[in-house]
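Undergrad: What follows is a single structure, and I will ask about it in a moment.
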Amino acid sequence: MKYTGMQRKADNAGRVVLPAELRNLASFSLGTQVEVSVEGIFIRLKRHSMACNVTGEVSEDNLVLADGKIVLSPNGAKYVLVQLKKYIR
């Protein structure tokens with residue numbers, strides 16, 4: 001585990017905002033599904049590894065790339081392929 005030196009206070013509802021820098025480092029984007037677990041005194045947040053980054057679909061058929069940073073469902077992969085073909089032209 002890497003210490004960032006960042007500290008945040010919980011608000012009255014117990015919420016803690018993750019700074020953009022941390023969200024970017026962990027590849028958290030808008031709508032990212034997050035798994036929460038408790039390990040002793042630590043609260044661990046982890047991107048849900050099986051949710052498609054494009055469609056949000058959760059499936060055992062999802063393709064996991066780039067060490068888990070990219071997850072694509074079949075529909076998400078088709079969409080990305082179309083977009084990449086347009087980009088390359």
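Cβ from N, Cα, C; glycine included.
Predicted automatically and left uncurated, TrEMBL annotations should be read as such.
The domain 'SpoVT-AbrB' annotation in TrEMBL covers 7-45. Annotation comment: TrEMBL describes 51-86 as domain 'AbrB C-terminal'.
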Undergrad: By DSSP, how many residues in the domain 'AbrB C-terminal' (51-86) are helix, how many strand, and how many coil?
TA: 16 helix, 8 strand, 12 coil
Undergrad: Over the domain 'SpoVT-AbrB' (7-45), what does the predicted model average in pLDDT?
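TA: Reported value for the domain 'SpoVT-AbrB' (7-45) is a mean pLDDT of 88.
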Undergrad: Determine how many residues of the domain 'SpoVT-AbrB' (7-45) DSSP places in helix, in strand and in coil.
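TA: Going by DSSP assignments, the domain 'SpoVT-AbrB' (7-45) contains 6 helix, 10 strand, 23 coil.
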